[in-house]
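Undergrad: Mind having a look at this structure? Questions to follow.
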């Protein structure tokens, strides 16, 4: 489960970086007074989803790779200054957008009904990828027990507020059917007669996306470094350059994959696949939290372990049944929810009442356990039910590839490493495999 989660985190960062790199090209085109698609090479002999080649996105990723390899401190300083500029641009977009607001554009407030809202919510996870990169920086913060939770929760609150305000401003400026997919704000300002503003928006977007790519490059390289330290991935990926203090090999490998995908793949495919990967990871995190709080190997009794397993299985089963019914049914029939939702609720109640906690957080912990993680499991799985089948097929192929690699290579290499560590008395074997 840990390897599948790790593999999907890497997939999330690669796809997210590829999507942002393609958007970079679109906004760069608008800055140069071109249409968003003008700088892409269209190959008619290839599939529509993969035939819009984007060489500029590849160049951008290569530049980001060089910056990420040179210095973490330098990258941090660049991000610090760039973030201040980006906040100013966001405030400008919100204020200028609301100054051109037309309430008539909100007259058809939910044009695709409740299903459209949840389908959009599933893809909207695209916008939240990145805040979890804060967790990868624990080795490079002075007080991680305090700073990491503040960074995670703070960035989440700011991201949510900013996204909502930007979305409202965009939809009030331009009817939703006329919003440009590739460079929405630049085109919207041009449509309301503020052509000069599109240059500020495009420049701000380019700077913002450059920052996103750099943060993503730093985060994904550190994920891969941690995995490689266990020998689940080739250990040369864990090497840190003594001069720059950065994992050069991991950075180059991850950004090479990002550049290849950015060159070929259309944005809508990337968005759906990214959303599946992210929702799946967040569900696993919530599940892992329940296991961590209620189970300690060697201390939890067999009876309590069995009760925990039963509760988790029921929470998962009821959530999957709710999502499957929502995704497969075309009408507004609600009879199945009368069965599945109470099962989820009673399973969570049973976990709260019948299973004693085995571990409490020492410094900082998620509140409202088990209710918050249980609700997270249900919501993430429910949103998965709104994503198209083709994206699930791609996700399934990636998971199969991960499992084949794990069972034929990763499992054996990590076991040998742990056994060697135990024989050399370098630690507690499997428990201390990373060290």
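First residue shown is number 1, and so on along the chain.
Using N, Cα and C of the backbone, Cβ positions are placed for all residues, glycine too.
Values in this document were obtained by computation on a predicted structure and should not be read as measured data.
OK, TrEMBL features for this one:
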| type | residues | note |
| --- | --- | --- |
| DOMAIN | 364-414 | domain 'Cationic amino acid transporter C-terminal' |
| TRANSMEM | 53-71 | transmembrane segment |
| TRANSMEM | 78-98 | transmembrane segment |
| TRANSMEM | 118-138 | transmembrane segment |
| TRANSMEM | 150-176 | transmembrane segment |
| TRANSMEM | 196-224 | transmembrane segment |
| TRANSMEM | 245-264 | transmembrane segment |
| TRANSMEM | 270-296 | transmembrane segment |
| TRANSMEM | 308-328 | transmembrane segment |
| TRANSMEM | 334-356 | transmembrane segment |
| TRANSMEM | 363-383 | transmembrane segment |
| TRANSMEM | 395-415 | transmembrane segment |
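So where do these features actually land, and what's packed around them?
TA: For the domain 'Cationic amino acid transporter C-terminal' (364-414), the predicted model reports an average pLDDT of 90.
Nonlocal intrachain contacts for the transmembrane segment (53-71), taken as residues 6+ away from its ends with a CB within less than 8 angstroms of a stretch CB, comprise 17-18, 21-22, 24-25, 28, 39-43, 78, 210, 213-214, 217-218, 221, 241, 244-246, 248, 251-252, 255, 258-259, 262-264.
Within its own chain, the transmembrane segment (78-98) has Cβ neighbours under 8 Å at 67, 162, 165-166, 169-170, 172-173, 185, 188-189, 194, 197, 200-201, 203-205, 207-208, 210-211, 214-215, counting only residues six or more beyond its boundaries.
For the transmembrane segment (150-176), same-chain residues at least 6 beyond its ends with a Cβ under 8 Å from one of its own Cβ atoms are 90, 93-94, 97-98, 100-103, 105-106, 108, 111, 127-128, 131-132, 134-135, 137, 184-185, 187-189, 191-192.
Non-local neighbours of the transmembrane segment (196-224) in the same chain are 6, 9-10, 13-14, 16-17, 20-21, 23-24, 27-28, 30-31, 60-61, 64-65, 67-68, 72, 75, 78-79, 82-83, 85-86, 88-90, 92-93, 96, 130, 133, 136-137, 139, 183, 185-187, 189-190, 233, 237, 246-247, 250-251, 253-255; each lies 6+ residues outside the stretch with a CB under 8 Å from one of its CB atoms.
Remote same-chain partners of the transmembrane segment (245-264), defined as residues 6 or more beyond its termini with a Cβ less than 8 Å from a stretch Cβ, comprise 10, 13-15, 17-19, 21-22, 50, 53-55, 57-58, 61-62, 64-65, 68-72, 217, 220-222, 224-225, 228, 236-239, 270.
For the transmembrane segment (270-296), same-chain residues at least 6 beyond its ends with a Cβ under 8 Å from one of its own Cβ atoms are 1, 4-5, 8-9, 11-12, 15-16, 18-19, 22, 122-126, 128-129, 261, 304-305, 308, 312, 316, 351, 355-360, 366, 369-370, 372-374, 376-377, 380-381, 383-384, 387-388, 390-392, 394-395.
Beyond the transmembrane segment (334-356), the same-chain residues lying 6 or more positions past its ends with a Cβ under 8 Å from any Cβ of the stretch are 290, 294, 304, 307-308, 310-312, 314-315, 317-319, 321-322, 325, 370-371, 374, 378.
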Undergrad: Taking residues 6+ outside the transmembrane segment (308-328), which of them lie with a CB under 8 Å of any CB in it?
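TA: Contacts with the transmembrane segment (308-328): 118, 287, 290-291, 294-295, 300, 336-337, 339-341, 343-344, 346-348, 350-351, 354-355, 374, 377-378, 381-386.
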Undergrad: Summarise the domain 'Cationic amino acid transporter C-terminal' (364-414) as counts of helix, strand and coil residues per DSSP.
TA: 40 helix, 0 strand, 11 coil
